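Written below as structure tokens is the structure these notes are about.
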Amino acid sequence: MSEKDTSNWTPSADMAEFQKVLRSSKNIIAVCGAGLSAASGIPTFRGAGGLWRKYEAMSLATPETEAFAENPSLVWQFYHYRREKARAAEPNAAHKALAVFSIPSYRKVIAPDAGFTIITQNVDGLSVKAMNQVLQKEGDPRPTGIATLLEMHGRIFDVNCTMRLCKHVEYNTSSPICAALAGTENAVEAGTIDAEIPKDKLPRCSKCNALARPGVVWFGEQPKYMPEIDKLVDAADLCLVIGTSSTVYPAAGYAAEVSDHGGKVAVFNLERSDGDGEADFLFLGPCEKTLPEALGLVKLN
Ligand code: NAD
């Protein structure tokens, strides 16, 4: 966000002013992180109650060559725990507000000329679930023209084969995904995870029976949809930064890119986060409250 003189800059918390910007925007992106799903009962990584206070990030979220290769049992227990959390969770008012805002017929009341895309780092599937719920409410399960949702870090219910020649991907929401993981979520929650589950008892590819891995993007791996996302960021004139600590790149850099080419940035977070001092708007507080308000959608249930 280099073009703004930030020496005496304080981001605005003025909702009415933000809504004026929203109304005149043409290309809006929402860059979302774990805080979006916190009110749905899914722990964040960082921030208050963050999961990585208990577990060392790099030992749980690096590819086959590193953490997973070293200890697939530990990694699978961690992801089994997160799968269980995601299975039990329901979208909250912030997911629903984004889902409603994605529907052109609703959006045109608030931002008449704007396109809108959600770029989420979350792997829990709750934004998709919210969209399906909102659309079913409208009595039309698949209307055309709905804004795009890009799950750039993959999906926790995808299970990928680790064999290069197979690479089979299966969408699997079973609980537990395999018998050996049953109950291990309690040890993860308690921070006492230690059981060594043999590789042949961990999830296997349903096609070739090789070891399978969670279908999420780990540190050192390329996020998904990068060409599409780069184009969206280039074109964006408003970037909503929602529930992310803005520490994981490339997503952490999108707001700065939008600001650098003259777009506006609005941050929604419980607490101060990286880069928010240079944002145009900063709405501190739970996004499940601030976001529906900011998008003019407070009457959600
Ligand atoms: P993070 O854990 O680093 O940061 C979460 C942020 O959300 C913090 O800044 C915190 O202050 C804020 N927050 C917490 N509760 C909030 C609320 N109710 N309203 C508004 N803000 C709130 O998360 P991140 O920035 O997404 O970290 C990146 C990585 O974490 C990503 O790779 C993502 O895949 C992964 N992650 C995903 C999930 C999920 O799918 N739900 C959960 C944990 C981590």
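Just so it is clear, glycine is given a Cβ too, placed from its N, Cα and C backbone atoms.
Secondary structure from DSSP puts His153 (active site, proton acceptor) in coil. In sequence order, Thr120, Gln121, Asn122, Val123, Val216, Val217, Pro223, Lys224 are the residues near His153 (active site, proton acceptor), counting only same-chain partners six or more apart with C-beta under 8 A. TrEMBL lists His153 with the feature active site, proton acceptor.
If you look up TrEMBL, you'll see 33-52, 121-124, 243-245, 269-271, Cys287 marked as NAD(+) binding site.
Every protein chain considered, the tally of other Cβ atoms within 10 Å of the Cβ of Arg82 (substrate binding site) stands at 21. In the three-state DSSP assignment, the secondary structure recorded for Arg82 (substrate binding site) is helix. Look at TrEMBL and you will find Tyr79, Arg82 tagged as substrate binding site.
Among the features that TrEMBL reports, Zn(2+) binding site is placed at Cys161, Cys166, Cys205, Cys208. Every protein chain shown contributes to the tally, and the Cβ of Cys205 (Zn(2+) binding site) ends up with 20 other Cβ atoms within 10 Å.
Looking just at the domain 'Deacetylase sirtuin-type' (8-301), the mean pLDDT is 89. Residues annotated as domain 'Deacetylase sirtuin-type' in TrEMBL: 8-301.
Highlighted here are the binding-site residues (Gly41, Arg82, Leu270) whose C-beta falls below 6 Å from ligand 1: Leu270, in sequence order. Separating the Cα atoms of Gly41 (NAD(+) binding site) and Tyr79 (substrate binding site) is a whole-number distance of 16 Å. Take the CB of Gly33 (NAD(+) binding site) and look out to 10 A: across all protein chains shown you find 28 other CB atoms.
Apart from the site residues Cys161, Cys166, Cys205, Cys208, the chain places the Cβ of Thr162, Met163, Lys167, His168, Ser206, Lys207, Asn209, Ala210, Ala212 no farther than 8 Å from the centroid of the site's Cβ atoms, the recorded Zn(2+) location.
Fewest Cβ neighbours within 10 Å among the binding-site residues Cys161, Cys208: this applies to Cys208.
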